[in-house]
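*Asks:* Here you go, one structure.
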């Protein structure tokens, strides 16, 4: 197996390898890579305008004319008055596809806008529904409050009515018992005698022989906040200058007790 040429060269420089094997020659096969469909000879013979070339279309086997600057094509020569210069079918398909794609994107964008608008409308409708439910709830609460107040008022009226009935029944029962006692008494009581008895005075009452007011059963009894001085507090007139006077400490204690009682009341 022959050594590579590079290794042979390094070994030869070091003096290890004395004989260099010749590098094998490669066979070069010439191929025609010229697949340019432009017919330069026909272009020169027809005298086409600048930038115009006659090109062979391998798909249909017919020639057409092509402008290299504008990339426009025509089936007829540019010198022919019936020639129509347009874009190639490939360009037209590409532009149409781009236009359709752009149109689809615009439609999609419009649909998204409509969807967004619909969602906003739905959100607004939900807000209205929520507001309506809130109003309905407030109305129900208000009606419930009114019903509760009405029930409480009706209950109070019934309680007052029952209380009035009870009071009337008690008064009626009391009056019946009074009449029954009068009927069961051994002799009828005269109201005039009762009033005359009330008008009579006790001979021992000071009001029967002096200007003193008529007393009651509690007149003359010691009061709770009254100082115990031993003096006659019922005396009036000339007897007002009586002895002994209460002590200053008793007066202060009585005043303090009276003010305390007034504050509690």
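Placement of Cβ uses the backbone N, Cα and C atoms for every residue, glycine included.
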*Asks:* Do you know which of 77, 247 is annotated phosphoserine by Swiss-Prot?
*Replies:* 247
*Asks:* Which residue, chosen from 51, 59, 94, is annotated phosphoserine in Swiss-Prot?
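*Replies:* Of 51, 59, 94, Swiss-Prot lists 94 as: phosphoserine.
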